[in-house]
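In Swiss-Prot this protein carries:
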- 1-159: domain 'Obg' (DOMAIN)
- 160-333: domain 'OBG-type G' (DOMAIN)
- 166-173, 191-195, 213-216, 283-286, 314-316: GTP binding site (BINDING)
- 173, 193: Mg(2+) binding site (BINDING)
- 367-390: region 'Disordered' (REGION)
- 367-382: compositional bias 'Acidic residues' (COMPBIAS)
């Protein structure tokens, strides 16, 4: 199945049902009191994570999703039925972004998690709600409010522990083939990797981690050059980044400048991503004598002012890869897991007294004009007579 990690859809929550003006009808009772029921709330729109999905391709073909409208109220104080919600099933790791504000509306990082992306409209009030001692035959009602409409961009972010960075042909895919069972395409031309791929590395039965390989970056990627920085989002949840550097590029470019290019593009994309733990991995050390390779690596380290972790490997020969994997496993075992930023959910009060109190006093009240059959007069109430049997 084609890998699709981004799709734009329009979602519309259901409108709230309107209240109704109605009066009690019964044999021998010509004109009864008000019995107009409230409308039903509109249905909401949710996204829900499903571990059985791994692509957003379905949302490329259907772009509009609408929840059900709430039913209008009815006589006999019958409340309208609530509109049915609609749930969009997405792969684990998907987030929804409002395309107009770039606000992250929802994010589902674990199976079964369900988050609302569009709120249904409030129900309207029937005329029973307006009954009072001075208004015994109310003809007022309120209409249901409109449901929320949003255009959202669904973005699938791969869930991996280790993310790989580097220019095209640096050896990222070769490394994943060497340390895992994944078999991404490998060739001697740029941009062999066109979509992200994942590999599971099992150091020992009790220790394993997931590595993500993304298409190579080039200078100007932040401005859209090459494949752009579209795939960098897949590294946002990684706990450590491996910056792969080819010490003997096939195009004879400067490894120092190549490394600076990646660092610059990373910083332009996201300060948060640039601040993640990052290790340098010098690849293809088998292409030159050991002493010469060590001198070249030290030269690069000095030019970058690098004082953190670095490793020397030959991915194609699997030289140094085992040691690197053990180091990664130990590092992540001791690294405190990041706490997810969970936005505090809006507290929605479904009691009508708060929201509808304002609506009843405002301009949204609709008055039905029909005075012909009203047997209630507007004179001052003389009180009620209570009969008591001795």
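Heads up, the Cβ atoms here are built off N, Cα and C, so glycines get one too.
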On the 0 to 100 pLDDT scale, where does the domain 'OBG-type G' (160-333) sit on average?
82
Position of peak Cβ density within 10 Å, selected from the binding-site residues 169, 173, 314:
173
Packing count at residue 195 (GTP binding site) (other Cβ atoms within 10 Å of its Cβ):
15
Look up residue 173 (Mg(2+) binding site) in the DSSP assignment and reduce it to helix, strand or coil.
helix
According to DSSP, which kind of secondary structure is residue 314 (GTP binding site) found in, if we only use helix, strand and coil?
strand
Do you know offhand how many angstrom separate residue 173 (Mg(2+) binding site) and residue 215 (GTP binding site) by C-alpha?
9
Cβ neighbour count within 10 Å of residue 166 (GTP binding site):
23
Neighbouring C-beta atoms (10 Å sphere around the C-beta of residue 284 (GTP binding site)):
24
